[in-house]
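Student: Questions regarding the structure given below will be posed in turn.
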Amino acid sequence: MEADSLVRAVEDLGYEAVFEGCVELGEETKSRKEEKGATQWRCVLAVGGMTCASCANTINAELNKRDWISNVTVNLIANSVVVDFAIKGKEKDIAKAIEDIGYDATIASVEQLESHFETAQQRERVVQISVDGLFCKHCPGRLVHSLTAFKPNLEILSEPTIENPKLKIKYVPDTPTFTIRRILSAIEATDPAFHASIYHPPTLEERSKAVSARYQHQLLLRVILSLIVAVPTFIIGIVYMSLLPDSNPGKHYLMSPWMSGISRIQIALFILATPVYLFAADVFHICAIKELVNLWRPGSRTPILRRFYNFGSMNLLISLGTTIAYISSVSQMIAAAVQKPEKAEDEHFYFDSVVFLTLFLLLGRLIEAYSKAKTSDAVEMLGKLRPSTAILVERDDRGRVSDSVVGVDLVEFGDTIRIPHGASPVADGVVLQGETSFDESSLTGESRPVKKRPGDDLFAGTVNKGPAVLMRVTGAAGRSMLDQIVQVVREGQTKRAPIERVADMLTAYFVPIITLFAILTWVIWTVLAHTGVLPDHYIDTESGRVAFALQFAIAVFVVACPCGLGLAAPTAIFVGGGLAAKYGILAKGGGEAFEKASKIEVVVFDKTGTLTVGGEPKITDAIICPEALEEALVTQGRRSTLLAILKEIEGNSSHPIAKAIVSYCTSEISGAGKQVLVQVVDVEELPGKGMKATWKRNAPECTLDLIVGNESLMRDYSVPIPQHIAAQLEGWKLEAKSVALAAIRNTTIHNATAEAKGSETDGYHRQWQLAAALSISDPIRPEAQAIVRTLQNRGTRVWMLSGDNAVTARAVASQVGIGPSNVLAEVLPYQKAEKITYLQSTLKAAAGRGAGRVAEGGGGGDDDTAARRAMVAMVGDGINDAPALTRADVGVAIGSGSDVAISSADFVLVSSDLGAVVTLLELSRAVFRRIRLNFGWAVVYNMLALPVAAGCLYPLTTSSGKHIRLDPVWAALAMALSSISVVLSSLALRLRISWIGFRRGHA
């Protein structure tokens, strides 16, 4: 099956679908690829015509019928569908399947998932070049030949044609000799008629926006038609029929019979209502017909029984409501024409209802579509942060420097660009020259400008608030931090919250239930009307009894609204994701992560790099043991040699303490004025403990084994620690300093002794001697204490997890306000995930959470609460935190941390400010309070509106003697307002008003 078949399948369900693209699956899906024996691809489509969860369910169900499709994600708010499939070239089938069920489908992208997961550090660039001016069949060949000089650094992936003059190439830039600018110049030099430029296919957001705009335009035209017709319909059907007295000559003329029992007013309303029914309400009819045709077509995989209890969407309900009103009115008009009564009975016709029903429904759908588009503008707003041009600084062969303005697509890795005051970098880079400050609030949420000096990082999307600086580009070609943020936000929006499954379940059976309810309503009122149970004043004439009952059925069809249920969660989550990005929080986990974060009762902080600054810890104290040096390093410059060896060993580790030791050793060696060259071998990292290595010297012969790490490592090797040094270590730890120790063993002496004793291993541990003791000061983040206090005051239990020794860990915890009983110290990297599991299994949910301080250790007030475990969040930054971030209910990674930690997290804090943790929890709870409000309103609306529409209140009368009922016209207005109110409720989160919107708290 081709990709067209998939688009057709979706269109058959009554929606619009456009094929967008495919992506090959990455490493995490290798097992699946091996099973299927095929490469995985991802196709992204912009789909128009989706209005509620029923639409999403329909597309999902239709596409999942194909066994070569492994995953389908329908994004109702973004008007997109992401499909993972196993057979290359099936993207057109996907788009056709969507179009076949009634939607517009446009293919946005098709990618192999392996390429989708390429690392951001790769400099390889793939671009499409559009060439204008190809005028003959030889031009494409000449163009391709002009690029052969660049091989093997350039690979042509697809050649241009006269019909499609686009060239796709892959190359590795080498600034300034080999850049995209030189490639374009070579193409244009081939022929004066050629003009080359970078071609960008429309992004998913652009295609979705175009689909949404087209859909809104279609609705607007139909609203205008309905509005034009509604004016004379109101005058004729309302003013003349209801408001003017019977003595009015105009009313008398219009209501008098024109032909048989048909009055002139009936003919006029019929003429007005027919184009509205056929050409304005057609948007509902077409989708409804496609849904039913797809359901009952030959070869449909839907079981026969299921077709009777799981079908249709909101379009079907609206189509049924307007169709029943129109057809019943036409039937009554035909009946009146043949019966020839003395007086025309105008009260049994609903032509005016058809017009007003359609007007209100279309108007509501238009407002809803516009409001939905406003909830999904987070990605678009982020994309607008990047400028379109840059000031490129180049140096010619004579050394002269010149500036030129180039498009952002022409900037390469390694280029130098000038960033004047008020401008933004087009890509990430580092400062080469000048000092200034940048406003990074658009990315991190930090309101204060950040000072930048040579060597500091700059990011696309930030604004220069000081003098101009020169920057070297390090993140061109769509791999900037801003691009990664956009990608994370885009992917997070496709991940649905578990609570949305409730809406899916309700909407899946909503239409059949409402259809049955409307039929029962009509049957009951018809029976009551014909059996004489109803009083005479309920119904005026015998001929009006069926029409009287139809009014209630039509009202039921029209007033029922599953849209509110389907929009309750995704609209709030989209707005929440946009707010999170505004405050420097990336919701990688999407709706599911938001839902879990709203229930967090325990927050576990890693110590190093999270509660402490971590980036550049300092060695504040050092003790060198001379007795160890005299025995092992029997040479001059023992201290410098030892420091050089330590520097060489620790240079193999990325741990912050290792970096601090390297920095200290470098400084001490330089200060001593000595240049010591050493080489170590057999370097081994001992996770959570330290490093081990061997140093050899030939003349005189000497071999040393060295270990550098924490006290636990010293104990493992039975290294004796003198009493006076042990006392000093305790003093350092009480000052919240970390401790690093180094021990050496002269294996030359050891091996000789072992040989004499006939044993190579005898006395191995006893010969280790302490060589150095270092204290490391890692300053506590300034905001840490306030953040911990804020979390505790909100009823959140705070724990600290650290691989450091217990004394230091508790000292740090004490400074930030965490009790010693809530500290887990001396935890090895592989044990961190186990400790998270331990907390999840032992900490119980607290009763009355959020009411104030909660006892450390949990405990509930009733059996149900006591039986429920507490939800645990882990906040960390290091590689060794990744397993714990994955194991926790919610993993939060500090943005300055390792890539592994960030990839394992549900949320990423772009800045290192811990205040974002509080913002995250507050925002998550605000989002899910709004979701519950939206759900509650949608459910209550349907529970109240349906009985009223069915006539449950009809026996009651007002003070004027009129029966209480919901006319079909007002039912349509109520239905439109219900879904609009849900969308507006979600948009209200953006307001900084208490109890209405979200206002960021202050620690």
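Note: Cβ is positioned from N, Cα and C throughout, glycine not excepted.
As listed in TrEMBL for this protein:
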DOMAIN    41-106  domain 'HMA'
TRANSMEM  219-243  transmembrane segment
TRANSMEM  263-287  transmembrane segment
TRANSMEM  308-328  transmembrane segment
TRANSMEM  348-367  transmembrane segment
TRANSMEM  506-528  transmembrane segment
TRANSMEM  548-575  transmembrane segment
TRANSMEM  935-957  transmembrane segment
TRANSMEM  969-991  transmembrane segment
Student: Calculate the per-residue pLDDT averaged over the domain 'HMA' (41-106) and state the result as an integer.
Tutor: 84
Student: Under 8 Å for C-beta pairs, could you tell me which stretch among 219-243, 263-287, 348-367, 506-528 has the largest tally with the transmembrane segment (548-575)?
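Tutor: It is 506-528 that shares the most Cβ pairs under 8 Å with the transmembrane segment (548-575).
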Student: List, by number or range, the same-chain residues at least 6 past the transmembrane segment (219-243) whose CB is under 8 A from its CB atoms?
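Tutor: Hits for the transmembrane segment (219-243): 250-251, 254-255, 265, 268-269, 272-273, 275-276, 279-283, 346, 351-352, 355-356, 358-359, 362-363, 365-366, 369.
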Student: Would the transmembrane segment (506-528) count as touching the transmembrane segment (308-328), i.e. at least 3 C-beta pairs under 8 angstroms with sequence separation of 6+?
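Tutor: They are in contact.
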Student: Under the DSSP assignment, what numbers of helix, strand and coil residues are found in the domain 'HMA' (41-106)?
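Tutor: Computed counts for the domain 'HMA' (41-106) are 20 helix, 26 strand, 20 coil.
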Student: When each of 263-287, 506-528, 935-957 is checked against the transmembrane segment (969-991) for Cβ pairs under 8 Å, which one has the most?
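Tutor: That would be 935-957.
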